[in-house]
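Per Swiss-Prot, the features are as follows:
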ACT_SITE  Glu456  active site, proton donor
ACT_SITE  Glu532  active site, nucleophile
BINDING   Asn97, Asp197, Glu456, Glu532, Tyr533, Ala534, His535, Asp599, Trp1006  substrate binding site
BINDING   Asp197, Phe596, Asp599  Na(+) binding site
BINDING   Glu411, His413, Glu456  Mg(2+) 1 binding site
BINDING   Asn592  Mg(2+) 2 binding site
SITE      His352  site 'Transition state stabilizer'
SITE      His386  site 'Transition state stabilizer'
Amino acid sequence: MTSIKQILARHDWENPVVTNWNRLPLHTSMSYANERNKREIKQPRKSLNGPWQFSYFENLSDIDEEWRKKDLPTSKIIHVPSNWQLQGDYDVPVYTNVTYPFPVNPPYVPTENPVGAYSKKVFLDNKWLADNTESHVVFNGVGSAFYLWVNGEWVGYSEDSRLPAEFDITEELRAGENRIAVLVLKWSKGSYFEDQDMWRMSGIFRDVDLIRVPKTRFQDLAIETKLDEDLDDATVEVRAQLVGNSADNLSVTAELFYHGMSLFKATEQFGNRVIDERGTNDGQVSLELPVKNPALWSAEVPNLYDIKVSLHDGEENYQIENKKVGIRKVQIKDGLLTLNNQPLLIRGVNKHEFNSKTGYYVDEKTMIDDIRMMKEHNFNAVRLSHYPNASRWYELCDQYGLYLVDEANIETHGVKPMNYLTNDPKYLPLMMERVTRMVQRDYNHPSIIIWSLGNESGYGHNHDAMYQWIKNTDPSRPIQYEGGGADTPATDIIAPMYARVDQDQVEEVNSKWAIKKWIGLSKENRPLILCEYAHSMGNSLGGFNKYWEAFEKYPRLQGGFIWDWVDQGLLTKNNEGQSYYAYGGDFGDYPNDRQFSLDGLLFPDRTPKPALLEAKYCQQYFAFQLEKDPTGKVNYMTVSNKHLFKTVNDATLIYQILSNDQVIETKKIKLNLAPQTEERVSLNFSDNSNEDVYMNCQIVQDSTDGLIRSGTLLAYKQFILRNKPIMISDVRSSDDYEDFLINDATDSLSISLDDAIWQFNKRTGWLSNWIKNGQEKVLTPLKDQFSRAALDNDIGVSEVTNIDPNAWFERWQATGFNHLNEKLVQFNWTALKDEVRITTQHQFLSPIDQHIMFISSKEYRINHVGDLKVYVDVWRQVADPQPARIGLSVQINATTDAVTYSGLGPMENYPDRRSAAIRGKWDASLKELYTPYVFPSENGLRTEVAYLKFDHHVIRALEQRFSFNLSQFSQAQLSAVTHQHLLKPEEGVWLNIDGYHMGVGGDDSWSPSVSPEFLLSNDHYHYSFSWSNAEGEANV
């Protein structure tokens, strides 16, 4: 009996030639049902999920030889599947994007290589161990490498953490108690090829199954669908490969069903398929089943056929497999990626397998919830970044309809140069195995429309070899690969990441051209699909609409995959027992890239960020257009169905006419729209008022359709029919004027009217207090504000050790922007018949060199109705950097949580991310106005605001609309605190009134990405507003 020491002495995990010992060839998924199984055993599969015994060792040399035969006294219970770093004090998760978490010296890994020793006892009866069967154990995901023992006997070894490892353990099993033991290594040479942007964790993190298979069985079962040019005739081809006994007298029968009705049945004997000039392979068989006028599969209409494939000898069925079949044709034609002859528009997102509680393990309910949320937010495609997913995910995507890019588990981002390994023929077998096994397992899924060679591994000769193997094995699907410039010979699709719409990013090698330009380059006729774009880190996705305007305009710009789906924040607790979401460095992990793991459209608990709503709107499947007669009257609206394959007959169009935020007309129309058609709707309404008039259009799902629930908002659009100019006037007659009481002291100026007092500090120039009925209404002075709590996009760090000096935060810090010194240079006041006017001017100086950065002049007008009107002029004195905002900030005293405003909403919106927001009157609480980004930052802005009412405060736009935040947290606290749970509500409420606010950006998060039109680059800015404080219900 070979000892553990002898097995480990080979150092398989550092041998480039060895990727496995005794692992069985991978194949498409099988149920292994047969007639004997039905009689003798209900399920030929036992789940080994659940509690296992676990022992942890800091390195391989610490392993106790006794563990091979029995559990150690110190072993503890661990749950499988999950990662050991999340279940006890065994190790810490490490988050790093590019940098390897160990010294780079391939194929070698550190001697201090932690090991997890798992074991589980399994009881089997004699029926399970019946003759003519084998027992296999299948590990669907183990990282990064493992050795297997059964009942003390060594069985094998496997690498590649994201594909199944199947072993035949028939000879090692016995009736009664059996012990399955797995020794999992944290690092192996495979880790050099798994340098993905994610938490680095270890263990058995996918399902483990013990399966009972017939000795004579299908080794593999490949199903391919073929369509003629007109899509009228299809062929379902079944290719089976035998393992076990001789193929003599063995046949395969395939029967195709649709909605339970048999369509065609065929039987063939093995050896009927000519392979080459030497003839047939006796262990292979091919069958063809014709289908007339097939119901085609697409993500919009995921029609599936059932096929029953049986292996038999005329008397007995050895194996029966029931599969789902989706008939569709994927091709690149005339420079376009097409499905069923229609050019696709990829509404895609990248998705890691991640759960905030269980790490790499994602259960079926979460998968279904993700698919539902994707489809309800108008996504149709997922790139499986950056490795094959659990098999159940593909089945669900086949069933409910999503296009998939299946990606090989290959990324060598942290080596220099990036193709150091992928250009080395020594590693070709390892890389090729990861591609071939992916294709072999996933071949039958109609949801997979593109294969990917991996991610961020440069471009080497090994990529060419993998590309050719896939092309020869599966010519029915295109291949994409981003590495080496996104347009190498190893990709059928130009697949850049973070290329911009109109801006070239010129580099010494592998420049990223503007996507509009890229498709027009000489001799370039491939479609362009962004494998990653719109980096959704924190408060992001600014400028997203620009991509979609380009996608809609240029046919060869066929969409892309947002980065990414969900924040990778791990739910943990601090020493006080308080739960919070952790990111890089929170576990003392090093190296780490901090909060760069938090770049999803969803928070870690899978609730939506505002950016998700922006994506949903821009990607929606319907378009709305108004038609006007020569007089300018709106007569018709055209509703277009942009689905390629789906008839919309289970949805209702609802449109409302609103005047002054009040609904004056509502109409509902049941839709019946064929794909790629439109309906013209007659509009008959009249409004003679001079108020704002809007038309809100919605399309709502009537009843549940697959995972899309009834009542789901499918699409919407707002048309502004009349835009009333902003006008504010006093409401009292001059006959009612009362005298102001003015107290002009050395250090202060007080203006009293009735029960109100306004106080100005003459030394600082600020409005320092506002007292109403003896109560202070402001807790801090009303002061200029030019900065914001830095967004992740402002900080601009993808690698902590590689900070970009051009990042906004770095530029603001370098000039002292966030801590400007104030200097009052003018303070005057005058009393007129109708009002008191106070004028001030401040200079704002850099604390570094005392250079004047801004000059701000204000005129305060207090009238006899108690309104404070504020007129602000700001002059920028330096060209760079531009400010984050031009506005005012104050901490106000408040006794209520209710907020009402008229402006863009209801969700958080910023100047470059507000396509999804519409005008209206919105009611919200302070909590609803706040966006809880895990890494605190500027948040919750609402733009294009006509008025705001909070507590007894009413703020109205004067000359133009404004933006605001209301929060219990100051910008200073948001800037200082690193985690959401550390924020402490402050006294009162912080109000930020912005005349102007720069965009948030989001083309990427490591370089300045705010488009020029959303930067505050003008020399002069002017804004104004009116502020009143009325007891009781204020009139707005």
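Glycine is no exception: its Cβ is also placed from the backbone N, Cα and C atoms.
A map of Swiss-Prot features onto the structure.
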residue	record	CB count, 10 Å
Asn97	substrate binding site	24
Asp197	Na(+) binding site	24
His352	site 'Transition state stabilizer'	22
His386	site 'Transition state stabilizer'	25
Glu411	Mg(2+) 1 binding site	25
His413	Mg(2+) 1 binding site	19
Glu532	active site, nucleophile	24
His535	substrate binding site	25
Asn592	Mg(2+) 2 binding site	24
Phe596	Na(+) binding site	26
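Take the CB of the residue listed as 'active site, proton donor' and look out to 10 A: across all protein chains shown you find 20 other CB atoms.
When the binding-site residues Asp197, His413, Asp599, Trp1006 are ranked by how far their Cα is from the Cα of the residue listed as 'Mg(2+) 2 binding site', Asp197 comes first. Residue pair Glu532 (active site, nucleophile) / Glu456 (active site, proton donor) shows a Cα separation of 11 Å.
Cβ-based neighbour count (10 Å, all protein chains) for Tyr533 (substrate binding site) stands at 26. Cα to Cα, His386 (site 'Transition state stabilizer') and His352 (site 'Transition state stabilizer') are separated by 7 Å. Restricting the recorded positions Asn97, Glu456, His535, Phe596, Asp599, Trp1006 to those with a CA within 10 Å of the CA of Glu411 (Mg(2+) 1 binding site) leaves Glu456, listed by sequence position. Nearest neighbour of Tyr533 (substrate binding site) by Cα distance, taken over the recorded positions Asp197, His352, His413, Glu456, Asp599: Asp599. Reported as a whole number, the C-alpha separation between Asp599 (Na(+) binding site) and His413 (Mg(2+) 1 binding site) equals 18 Å. The secondary structure of Phe596 (Na(+) binding site), as reduced to three states from DSSP, is helical.
Among the recorded positions Asn97, His352, His413, Glu456, the ones whose Cα sits within 10 Å of the Cα of Phe596 (Na(+) binding site) are Asn97, in sequence order. Other C-beta atoms found within 10 angstroms of the C-beta of Trp1006 (substrate binding site) number 22, with every protein chain shown included.
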